[in-house]
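Asks: Let me give you the structure first, and then I'll get to my questions.
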Ligand SMILES: NC(=O)C1=CN([C@@H]2O[C@H](COP(=O)(O)OP(=O)(O)OC[C@H]3O[C@@H](n4cnc5c(N)ncnc54)[C@H](O)[C@@H]3O)[C@@H](O)[C@H]2O)[C@@H](O)CC1
Ligand SMILES: Nc1ncnc2c1ncn2[C@@H]1O[C@H](COP(=O)(O)OP(=O)(O)O)[C@@H](O)[C@H]1O
Ligand SMILES: [K+]
């Protein structure tokens, strides 16, 4: 598999175009199906050599076609194999009809199958072509297979899973393994889809890579090769590594800003200063050492400080409090590199356009917003309420409207840019669902922004590093553990880079 395809995600529609382009270029499309089905059979035999019986469930389209090929290959390998079809095989067309014609096994209706212990299911009912909720017959089988905890090898996608959005259409198989073709699809990476797939095997069925690349959009799985961390070579000194300013809230809520600030420092910002009102300064001073404190007595002090061009990025929101003060600060920051999180986002709920207009002039985005689902819905209620749209589409539409990088958080955080680029993050452990973890994320992104990383790359790298730090800190972590864990992650990455390639 070429490196490019380890991060590339093709939507089902793009995959369909690749398929058509391959056929137009003279490639035998039945040959693609044959290789797909053979790969599924090989995986099933490898994973379940002791299976009493393989039960291949075939649908009415090409996913079903892959199933007929797999069934033939399993039987030829000597395995006990039965086929149950959702619809009359007389309705099969094209390559799927050909695959059925070449398979000598009898085909029983789906309704005739009673799942039994020892059965291994090959799920070839629906793949990329799922267009609506699964029919009741299939929903019943999905339920029974789940109740008996039978192993399921899914062909392309677990049937019932929407390959574009990762949502379940009525019901979906919980696969123990998924074999997909050429590239993974968004539905494998987004939730709940990711949890239904088991390990995803990406098999190259021979569509030329130039064709795959020609249909590819701008969606990727978030991985280090897609961005480069700032260079911290020996010659760099603290001013070259940027100066991050984090704004704190009132005296009883300084913890959030402190978490962001220490994360920003760990992410490599040369200097980090927390800006705070006089009442909050004593609480901050009692806790901070490497991070500096700047007392903001009145609006003039704030304006003067912010105007200093040596401040290269800002974080506003964690523990800040909602309201006019937040809006006034952001007005002063207009156009400057800013991570707007939590209360900073909520402060603009009544007039999101006011916020967007402050950043509309930037040719490249300099605003990064990090909403969780609730905050996202406050700023983009119409987009959030669109039941048809998946998380990637929502994040992309929000980014285009706000002319900002949107980090739409969750266990499947989506990072989207106004130009249509979007990454799905899949390395975050559930342990990150803990108070203050979002404050740390905002600080990491701020620290990367401060070092001059472009906003989209800083956001993507920040989300990935946050996930790795979460894995490193492990079970029962608290947000305070994350900056230290980030230190280990960055050190390991640096060591790997220093090692000469073999
Ligand atoms: N794209 C490619 O390059 C290749 C695709 N292959 C396979 O082809 C699959 C896509 O094939 P298709 O486009 O035929 O799509 P599917 O086989 O996933 O399903 C399409 C069929 O199901 C029907 N259908 C959709 N949703 C339904 C529902 N809820 N209830 C009842 N019927 C429903 C449609 O009307 C259509 O007949 C892939 O998932 C993959 O398994 C492979 O053969 C290899 C090559
Ligand atoms: N179940 C989960 N699995 C992985 N990551 C998660 C999960 N739940 C939340 N996260 C991540 O943890 C962070 C929580 O941020 P946020 O919701 O702002 O919480 P807080 O305000 O408490 O810091 C986000 O980066 C989010 O993506
Ligand atoms: K399937």
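Placed from the backbone N, Cα and C atoms, the Cβ positions cover glycine too.
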Asks: Using only what TrEMBL says about K(+) binding by 63, 159, identify which of 19, 28, 119, 123 is listed for that site too.
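Replies: Between 19, 28, 119, 123, TrEMBL records just one in the K(+) site with 63, 159, namely 123.
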Asks: Record says 409, 410, 411, 412, 413 bind AMP. Source is TrEMBL. Which of 385, 438, 443, 446 does it list for that same site?
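Replies: Answer per TrEMBL: 438.
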Asks: For the binding-site residues 372, 410, 412, which residues place their CB under 6 A from an atom of ligand 2?
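Replies: Close enough to ligand 2 are 372, 410.
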Asks: Among the binding-site residues listed here (372, 409), identify the one with the smallest other-Cβ count within 10 Å.
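Replies: Taking 372, 409 as the binding-site residues, the minimal 10 Å Cβ count falls on 372.
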Asks: Measure between the Cα atoms of every pair in 409, 410, 411, 412, 413, 438, the residues the record assigns to AMP, and report the largest value in Å, rounded to a whole number.
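Replies: Answer in Å: the longest Cα-Cα distance is 14.
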Asks: Can you tell me which of 62, 128, 131, 156, 410, our binding-site residues, come within under 6 Å of ligand 1 at the Cβ?
Replies: 62, 128, 131, 156
Asks: Taking only the binding-site residues 123, 131, 159, 413, which have a CB closer than 6 angstroms to any atom that belongs to ligand 3?
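Replies: Once distances to ligand 3 are taken from each Cβ, 123, 159 fall under 6 Å.
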